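Written below as structure tokens is the structure these notes are about.
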Amino acid sequence: MKIDCSGMYYRKLNKIIRDAAEAGESEFILDHVNGQRYIGSGINKKIKITINGVPGNDLAMFMNGPLITVNANAQDGIANTMNAGEIIVHGDAGDVIGYGMRGGKIYIKGNVGYRTGIHMKEYKKQVPVIVAGGVACDFCAEYMAGGILVLLGLEKEGDMPITGDYLGTGMHGGVVYIRGGVDENMLGKEVSVLELDEKDMKLLKKHLAEFCEHFGFDLEEAMSKPFVKLLPVSSRPYGNLYAY
Amino acid sequence: MISEIPPEFIVKIDYEQCKRCKRCVMNCSFGCMQFKDRVIPDHKKCVACQRCVTFCPESAITITKNELSYKENANWTPEIRQNILKQAETGGMILSGMGNPRAYQILWDHLLIDACQVTNPSIDPLREPMELRTFIGRKPERLEFSADENSEIELATELGPQIKLDIPVVFAAMSYGAISFNAHKALVMAAKQSGTLMNTGEGGLHKDLYSYADNIIVQVASGRFGVHSEYLNTCVMVEIKIGQGAKPGIGGHLPGEKVGEEISKTRMIPVGTDAISPAPHHDIYSIEDLSQLIYAIKETTDYTKPVSVKISAVHNVAAIASGIVRAGADIVTIDGFRGGTGAAPMVIRDNVGIPIEVALAAVDQRLRDEGIRNNASILCAGGIRTSADMAKAIALGADAVVIGTAALVAMGCRVCQKCYTGNCAWGIATQKPELVRRLDPLVASERLSNLLRAWDLELKEILGSLGVNSIESLRGSRERLRGIGLDEMTLKILGVKPAGVGQ
Amino acid sequence: MKDNCYIPSGCSISGMINESGRRFDGSSVIKSIALMHDRGNGLGGGFAAYGVYPRHAEQFAFHMMFDHIEAKEACEEYFKDRFDIVLDEEMPTRAGGAFEEETSGRYGEYGGHPITNPPILWRYFMDVPKSKTSFVSENEYIVKNVMEVNSRIDGAFVASSGKNMGAFKGVGYPEDIGVFYKLDEYKAYIWTAHGRFPTNTPGWWGGAHPFCLLDWSIVHNGEISSYGINKRYLEPHGYKLELRTDTEVIAYLFDLLVRKHNLPMEMAIKALASPFWKDIDRMPEREQRIATAIRQVYGGALLNGPFSVILGHSRGMIGFNDRIKLRPMTCARADDMLYMASEEAAIREIAPDLDRVWSPKAGTPVIGKLSEEVI
């Protein structure tokens with residue numbers, strides 16, 4: 001199903017998608033999207049949505065299944081509290097990506113904003129994954145409680161840092177992989193930097209292969225620099241704040 | 001470090017009476033009672049939860065305050081000294097449970113209700129109709145009608161989703177995690193029995209309770225635990241929790257030891273991990289972001305569920321509530337500073353926020369001044385103890401009240417304020433299977449239903465004495481309240497005349 | 001309307017500058033802010049425009065709002081003794097004007113909302129008599145009089161008071177306000193816009209953004225949690241904060257720091273959105289000394305809480321965020337145009353082909369300047 005979204009209000013657009021998905025439609029191509037919110041939100045079916053244009057905030061919020069491809073930049077709040085599905089962004093993404101995300105994958109070709117992967121969590125087989133090809137801003141992986149977050153910094157300019165400040169602050173679960181190392185001054189108090197073991201490499205390679213396939217990057221090159229991994233120092237970062 | 005903190009309570013055992021049945025030892029969940037050829041209490045461990053007292057068949061146990069453990073001093077109270085000692089020993093914040101226990105003025109107790117005499121008749125509620133049915137949700141400004149081809153008049157306005165309550169009381173948000181599964185189950189069963197609602201709190205909803213969807217408010221808080229589209233659709237109403245009266249502006253923290261298999265499933269986090277709720281929602285840093293989240297939920301529930309936003313009563317509560325209504329919320333829940341909690345830093349609980357009475361009055365008035373009172377229902381929480389408080393709250397402008405602590409007390413809570421320890425001897429605020437078992441959901445739900453029935457009867461008596469037979473005639477009717485012992489400014493904020501002044 | 005309690009509000013903002021000084025009409029800024037309709041609630045919208053009065057570029061242009069005719073009379077009486085009024089006229093408006101998106105449907109849920117109950121809107125182009133500036137500068141004289149009018153003349157409010165610029169604001173959705181003020185008929189080299197989501201009662205036209213003083217204009221998204229101390233810090237410097245919004249402190253802080261204290265713009269922004277001590281401790285010696293001194297001296301000017309702001313002035317436009325970036329902002333360039341907005345879509349709506357799109361770092365200003373030859 002092809003929809004021309006120029007000038008279309010989000011409520012109408014999302015209703016068309018919901019109703020058509022309910023009726024069995026499995027593939028949507030949305031043209032001239034610009035700023036419409038909540039695309040893919042709360043949809044529980046494995047439909048495919050291709051977005052041509054910049055989608056509005058809260059793309060794929062509470063999403064549970066669909067595959068979304070964005071052929072532009074994406075705004076703030078992608079994959080908010082998402083349960084399952086996949087999002088591929090052929091551009092940059094805004095702030096607060098994957099907040100409380102519990103499952104599914106996000107691949108972003110370019111940079112990501114502030115608070116990426118904040119409070120991401122995992123549950124049993126649901127392990128959320130975010131891979132960003134560019135750099136991240138401050139508070140990346142803040143409060144992270146589970147899942148996998150990969151930062152590649154592939155096209156960063158000069159000595160630009162790959163992450164912002166307070167990386168992994170309050171992190172108490174999950175893992176962050178960073179290509180080419182990280183400035184220790186940027187780290188939150190609750191994380192430590194470790195080398196990757198074989199299991200890590202296997203996991204990383206799997207996700208990078210997928211990332212490279214989506215965006216036409218060379219896997220060899222992506223893996224050419226050594227990675228470091230960030231793990232929480234403790235699963236109980238705030239255990240000793242109280243006098244009982 | 002050796003603790004120098006003197007015991008707060010003294011456990012006296014009447015050894016003449018004691019039959020050494022050890023029931024107290026078995027019942028004490030705080031490790032206070034030991035048996036060494038007779039029962040020996042460790043006074044330091046007693047929290048005065050009254051479990052042993054209640055279950056001693058010989059009534060041989062009394063608990064008293066350790067009166068002179070600190071030499072008298074009106075300035076340096078025992079509590080202050082005890083807390084300093086605790087902090088000196090640990091370097092940590094003082095944690096506490098339940099609502100603010102301090103002796104702040106309780107405005108409910110300075111408000112009195114009117115009654116009819118001579119000039120208008122009172123009504124006998126036992127024999128004449130008396131209606132408490134309340135609908136919660138956004139109402140339009142006005143109704144429009146149209147006539148069809150047969151000139152039959154038809155309603156043209158479509159009302160948004162409305163929730164029917166048989167009694168204007170709902171149970172407060174208390175998460176599975178803060179309280180036990182049995183407590184959750186008792187609440188939802190009682191809600192169903194009494195025609196009202198329970199609120200999941202922020203820890204998700206156990207699958208076994210999904211069948212009670214018609215009596216459930218599901219909550220979305222900053223931790224987003226157990227929140228997914230199915231959850232959002234297993235309810236009659238969705239509540240976004242911004243704040244809690246006991247700890248405005250403060251996050252929450254369920255320690256890993258409470259996250260067992262069932263809680264893990266419900267919250268959808270691994271067993272044994274801390275469940276941390278950040279202070280803010282990280283997708284809400286401004287009022288337009290709240291609007292964005294409200295509509296995200298409406299999109300996800302296809303506009304079938306009203307959305308409530310719960311805030312704590314803070315200084316600017318009226319303006320904030322107005323913004324919330326304009327942001328698209330159908331219900332505003334205001335939680336006053338005496339509201340309860342499973343755990344909060346004492347410094348916050350006891351010093352932050354404002355009383356619910358003034359907050360409620362200010363919000364109701366502001367929404368009326370702005371002509372948007374019909375656009376949202378107001379739920380009033382945090383310090384409703386009796387049906388009288390409920391009647392006064394409704395007269396000040398609440399559509400319904402919310403009870404947390406009162407419901408816990410009905411289930412057996414003795415307000416010992418140790419909820420955060422997870423050792424609740426009454427099986428309520430605990431996840432230890434051997435303690436949870438102590439609370440029978442059937443019995444507890446019956447106690448809750450009984451409480452609501454009693455309040456239902458009392459509220460009807462109040463309405464009858466006021467000479468009205470429907471709750472609408474009390475709602476917002478501040479004319480039927482009078483204040484005693486209140487200063488002029490407080491009376492003005494409450495919109496209530498002083499006692500002695502007629503109409 | 002003027003009392004001391006302030007009303008929190010959330011918002012959308014958009015701004016654009018042509019750095020070569022080319023002037024363009026207001027229809028694009030209206031389209032841009034209209035896209036973010038849902039970020040406001042129809043209780044406030046406004047625009048600042050620079051370069052709109054080339055024929056009166058030397059006069060101070062006062063955009064005035066009067067609640068009633070008595071206020072207008074009182075204010076004119078006040079002006080008469082203090083200024084040389086070169087021209088005064090009613091602000092041109094379209095009665096009830098409402099934005100109608102050509103590709104209808106996006107706002108189908110809402111429809112255009114006609115603007116109702118405007119105050120009396122009048123503009124005055126005025127010179128400051130030479131005799132008045134023997135002891136104070138011209139600018140100081142204007143500031144003093146703006147404060148006087150706002151605080152002393154009941155029902156009168158100065159919406160803007162700069163040269164060759166003006167604020168066009170009111171109660172309504174910004175796109176409707178833009179049409180109401182006929183902004184499509186004005187040309188400016190800088191446009192900023194604001195859609196407001198206040199939590200207060202309708203009807204306070206002065207409470208809409210932008211907030212202006214001299215040629216400063218501020219549009220702001222977020223809430224200044226430090227308002228209480230910012231206000232008390234400003235008051236002894238002669239500023240009267242009576243407009244029931246936290247945003248006015250930003251305008252006055254810039255006026256104080258940049259105009260009165262003569263701080264370079266970068267330093268003023270460092271005072272308002274200071275670096276953290278943790279970062280200051282790691283700075284090179286000179287930078288560290290400067291940043292430390294700024295925090296020591298200007299602690300009362302630190303803006304705490306979530307915000308993104310676009311500051312306009314006659315030679316440029318500056319966008320910046322709070323220190324931990326709690327409010328969104330996206331910037332973009334295309335040729336000699338610089339755009340800033342709360343959402344990228346609001347820029348794409350009017351400029352689909354951009355050379356570069358980026359999000360500024362927290363506390364780091366993005367500066368658009370008129371090129372030297374234009375000035």
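From the backbone N, Cα and C atoms, a Cβ is placed for every residue, glycine too.
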Which of B:Cys32, B:Cys46, B:Cys49, B:Cys56 shares the [4Fe-4S] cluster 1 site with B:Cys18, B:Cys21, B:Cys24 per TrEMBL?
B:Cys56
As a test of the contact definition, list every same-chain residue at least 6 positions from B:Cys52 ([4Fe-4S] cluster 2 binding site) whose Cβ is closer than 8 Å to its Cβ.
B:Val11, B:Arg23, B:Cys24, B:Asn27, B:Cys28, B:Cys32, B:Met33, B:Ile61
Would you list the DSSP helix, strand and coil counts for the residues of the domain '4Fe-4S ferredoxin-type' (B:37-66)?
8 helix, 8 strand, 14 coil
Out of B:Cys18, B:Cys21, B:Cys24, B:Cys28, B:Cys49, which of these binding-site residues shows the lowest number of other CB atoms within 10 Å of its CB?
B:Cys21
I'm checking region-level scores; what's the whole-number mean pLDDT for the domain '4Fe-4S ferredoxin-type' (B:37-66)?
96
Within 8 Å of the Cβ centroid of the [4Fe-4S] cluster 1 site residues B:Cys18, B:Cys21, B:Cys24, B:Cys56, which other residues of the same chain have their Cβ?
B:Ile13, B:Lys19, B:Arg20, B:Lys22, B:Arg23, B:Val39, B:Cys52, B:Phe55, B:Pro57, B:Glu58, B:Ala60, B:Ile61
Neighbouring C-beta atoms (10 Å sphere around the C-beta of B:Cys56 ([4Fe-4S] cluster 1 binding site)):
21
For the [4Fe-4S] cluster 2 site (B:Cys28, B:Cys46, B:Cys49, B:Cys52), what does the 8 A shell look like? I mean other same-chain residues with CB within 8 A of the CB centroid.
B:Val11, B:Cys24, B:Asn27, B:Ser29, B:Phe30, B:Cys32, B:Met33, B:Lys45, B:Val47, B:Ala48, B:Gln50, B:Arg51, B:Val53, B:Ile63, B:Ala425
Of the binding-site residues B:Cys18, B:Cys21, B:Cys56, which sits closest to B:Cys46 ([4Fe-4S] cluster 2 binding site) by Cα distance?
B:Cys56
